[in-house]
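Q: What follows is a structure written as structure tokens; I'll ask about it next.
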Amino acid sequence: MDKVKKSDQEWRQQLTDEQYRVTRGKGTERPFTGEYYDTKEAGVYVCVCCGEPLFTSENKYDSGCGWPSFWAPMDKEKITEEIDMSHMMVRTEILCSKCDAHLGHVFDDGPQPTGQRYCVNSASLRFHSADGDAKQEDE
């Protein structure tokens with residue numbers, strides 16, 4: 001996979017302020033405020049920064065946490081995991097492997113078959129419905 005590298009200025013021009021804050025600044029949107037936390041349409045969720053397909057609606061579930069939650073990514077190689085020790089906690093941060101965009105965190109409290117909960121910020125995603133329509137947070 002070829003990495004996408006852009007300058008800070010290029011990312012700022014491409015992304016909304018909220019998308020930049022979340023994906024490039026490792027921010028977190030408030031729960032129950034993101035566009036996709038309760039989306040139930042069939043489709044694919046791609047990285048808002050580089051367009052890499054990351055998650056499918058088939059793996060999405062309602063965890064009750066207020067963020068889009070998935071029990072698995074489309075392909076584990078599309079997600080990079082790093083230890084995050086911010087906010088006096090130890091968590092596992094998830095990033096897009098192609099462009100290093102911060103997506104959210106993964107927790108070991110999800111449903112079977114993986115037991116994992118990929119808790120993802122809506123601002124880091126763009127949704128492509130199965131019928132071909134793309135929905136973006138800044139529309």
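Glycine residues also receive a Cβ, built from the backbone N, Cα and C atoms like all the rest.
Note that the structure is predicted; figures quoted are calculated from it, not measured.
Positions annotated as domain 'MsrB' by Swiss-Prot: 8-130. According to Swiss-Prot, the feature Zn(2+) binding site maps to Cys47, Cys50, Cys96, Cys99, an assignment based on sequence analysis. Summarising the annotation, Swiss-Prot assigns active site, nucleophile to Cys119 and lists sequence analysis as the type of evidence.
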Q: What does DSSP say about Cys50 (Zn(2+) binding site): helix, strand or coil?
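A: In three-state terms, Cys50 (Zn(2+) binding site) counts as coil.
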Q: Any idea what DSSP makes of Cys99 (Zn(2+) binding site), helix, strand or coil?
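A: Where Cys99 (Zn(2+) binding site) sits, the three-state DSSP reduction gives coil.
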Q: Have a look around the residue listed as 'active site, nucleophile' and count the other CB atoms within 10 A of its CB, chains all included.
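A: Excluding its own Cβ, the number within 10 Å is 23.
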Q: DSSP says what for the domain 'MsrB' (8-130): how many helix, strand, coil residues?
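A: For that range the per-state counts are 26 helix, 40 strand, 57 coil.
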Q: Please report the Cα separation of Cys96 (Zn(2+) binding site) and Cys119 (active site, nucleophile) in Å, rounded to an integer.
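A: Per the Cα atoms, Cys96 (Zn(2+) binding site) and Cys119 (active site, nucleophile) stand 13 Å apart.
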